[in-house]
Amino acid sequence: MAQLIDGKKLAEDVVSTVKTETEKLVAATGVVPGIAVVIVGEDPASQVYVASKSRKAKECGFHSVQHDLPETASEQELLNLIEGLNNDPAIHGILVQLPLPGHIDSGRVIQTIAPEKDVDGFHFINVGKLGTGEVETAFVPCTPAGAMIMIERVHGRDLSGLNAVVIGRSNIVGKPMFNLLLAANATVTVAHSRTKDLPAIARNADILVAAVGRPQMVKGDWVKPGATVIDVGINRIPAPERGEGKTRLVGDVDFAEAEKVAGAITPVPGGVGPMTIAMLMANTLTAACRSAGMKKPVF
């Protein structure tokens, strides 16, 4: 039976470090990490995400502000707001909750955020830094950053000699995951929907990262015995056994099958998910430390 990589516990450890390092930063410099969360419209899922981010920021001792714009807000109004936040010395991290309404160009909005305040790690400058191995000065997207900490807890920081396979090539998870694994000296293959004989490629992985958004796609016989399996997927599927109309959350990996083969595995829920918000807090603290000329903490 595989070792369970407990995302809730690891996220608590990260947040605990953030709290301690925040207190040190405030004591040494008077700088309080500040995060601004911007939400446009009233999408219920976005409201839940934003509320949880704001709660966690306050728990960490941050200065946290939320800007709510109506669904009808123009792109220019949003850009003007971001420009103001870019110039606000009390704000170190800016997060625009996606998705945005259809009349707003998300790409343009994200590229307007000052790279040094881009705690989501989506600005081209941060993407480029990560792609050229400048991990120390980049902001890394929160989900792959959290997944990487989970891998490090099993294998350490140096992955020399290990084969890693990332299933999925999104800009948010797949590509940054590839770059992080490569920077840690793993030999990395990126697979996707056009990959030939995906199960055979997956079976070669000492570290298998699934980030495709297809429920339970990765079966037990895709997993190399003893491999570390990181399941980034969050999918809601019908659960008639719980009652009519009920659903449950599953990952991209068939957990029941894979758990019997893997050496270590993340559950869904309670795996990568909690790490995402924890790493957002870590990135915000890092931004504040950089602005104060202090060394960034190690998580």
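Glycine is treated like the rest: Cβ placed from N, Cα and C.
The shown structure was predicted, so the numbers you read here are calculated from the model rather than taken from an experiment.
Here is what Swiss-Prot records for this protein:
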BINDING   GLY168, ARG169, SER170, SER193, ILE234  NADP(+) binding site
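Here the features listed in Swiss-Prot are painted onto the structure.
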{"residue": "GLY168", "record": "NADP(+) binding site", "DSSP (3 states)": "coil"}
{"residue": "SER193", "record": "NADP(+) binding site", "DSSP (3 states)": "coil"}
{"residue": "ILE234", "record": "NADP(+) binding site", "DSSP (3 states)": "coil"}
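Cβ neighbour count within 10 Å across all protein chains ranks SER170 highest among the binding-site residues SER170, SER193. Across the annotated binding residues for NADP(+) (GLY168, ARG169, SER170, SER193, ILE234), the two most widely spaced Cα atoms sit 18 Å apart. There are 23 other CB atoms within 10 A of the CB of GLY168 (NADP(+) binding site), with all protein chains counted. Of all Cβ atoms in the shown protein chains, 18 besides its own fall within 10 Å of the Cβ of ARG169 (NADP(+) binding site).
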